[in-house]
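Engineer: Quick paste of what Swiss-Prot says about this protein:
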- 47-131: repeat 'Solcar 1' (REPEAT)
- 48-68: transmembrane segment (TRANSMEM)
- 108-128: transmembrane segment (TRANSMEM)
- 144-229: repeat 'Solcar 2' (REPEAT)
- 147-167: transmembrane segment (TRANSMEM)
- 207-227: transmembrane segment (TRANSMEM)
- 246-324: repeat 'Solcar 3' (REPEAT)
- 248-268: transmembrane segment (TRANSMEM)
- 304-324: transmembrane segment (TRANSMEM)
Amino acid sequence: MFSSLLEAAKSSPFHGPLTPARCDAPAQGMAASAAPVGDSCEFGSTKYFALCGLGGILSCGITHTAVVPLDLVKCRLQVDADKYKNVVNGFRVSVREEGLRGLAKGWAPTFIGYSLQGLCKFGLYEVFKVQYNNMLDEETAYTYRTFVYLAASASAEFFADIALSPLEAAKVRIQTMPGVRQHTARRVAQDGPERGAWARSTRALVPLWGRQIPYTMMKFACFEKTVELLYKHVVPKPRAECSKGEQLVVTFAAGYIAGVFCAIVSHPADTVVSKLNQDKTATVGSIVGKLGFAGVWKGLGPRIIMIGTLTALQWFIYDAVKVWLRMPRPPPAEMPESMRKRLEAEGKL
């Protein structure tokens, strides 16, 4: 894996002129198929999906934990704008009151919660994408591929947020409420669904869906389409001729572009979730009414930086894990030959 990262750091396919490039022809159908020589598993097999889940654990758990200090300041900006004026001021006040160690508050529930979320988000996305594609014929699957990405990612995130919600609530309380300690997350996990701490922590599940499902739909659909467009219009050679490192650079670039859009579409719901987890008596309506239109966008700047970087790194790590484990990595979608011939005969291509 680390050799892949080093190779990517030294590679960049964007040095040439802007010329169209051919994409590799996709495999016919999305069902599990025999593993080509060199691959560690069959595409669409149980092992393939399990390894995708492992990649999700690493990509989400590591990256979200790495940006805990920025996330802490972002949450405090959202819940106490009078005290924390901006990002720089938020860091200064936090360090002055709690020291540098205070910037790591909430790291444990962040790591556990987002690792579980990553397992479901990436693993189930691959499962649902294959299943939904198999429900369609080849031409329909290609024509409506963006809708397949949207449906698969929304389905995966629905389950991922059920795993994340209790630990996300614990994280926000640790970061924004004085006196709340790290063991809050452990207590939530030990209580289980039937106990009060768990029930209170899941009250923000619906707003969390409101934040994360649009975020994830944008994250996956925008990434898939951006990769497709980069190889078609920007990268000066076909994907098959790119080294693994160059392919990972394209992955990182597409991930960052997707991350910017993710942050924008999900930010109002993110603000509401932070407020709900801070104040157990608040409702979605009361929070939106109190904050107003401008208030729900508070903290968007640092969140764009955080989510853009996070999303790029997550896709990079996820793809690097696939390279490291020698997993099948299908190329971007290309028009089926039957569809191409039909459109050419009709003079539409």
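Including glycine, each Cβ sits where the backbone N, Cα and C put it.
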Engineer: Suppose you look only at the repeat 'Solcar 2' (144-229); what would the mean pLDDT be?
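Structural biologist: 80, rounded to a whole number.
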Engineer: With helix taken as DSSP H, G or I, strand as E or B and everything else coil, how many residues of the repeat 'Solcar 1' (47-131) land in each class?
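Structural biologist: Output for the repeat 'Solcar 1' (47-131) reads 74 helix, 0 strand, 11 coil.
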Engineer: Considering only Cβ pairs under 8 Å, which range in 108-128, 207-227, 248-268 makes the most contacts with the transmembrane segment (304-324)?
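Structural biologist: It is 248-268 that shares the most Cβ pairs under 8 Å with the transmembrane segment (304-324).
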Engineer: Run through the repeat 'Solcar 3' (246-324) and tell me, per DSSP, how many residues are helix, strand and coil.
Structural biologist: 70 helix, 0 strand, 9 coil
Engineer: Excluding the flanking five residues on each side, which residues at least 6 beyond the ends of the transmembrane segment (108-128) place their CB within less than 8 Å of a CB in that stretch?
Structural biologist: 48-50, 52-61, 63-65, 68, 71, 151-153, 155-157, 159-161, 163-164, 166-168, 170-171, 174, 182, 184-186, 188-189, 216, 220, 314, 318
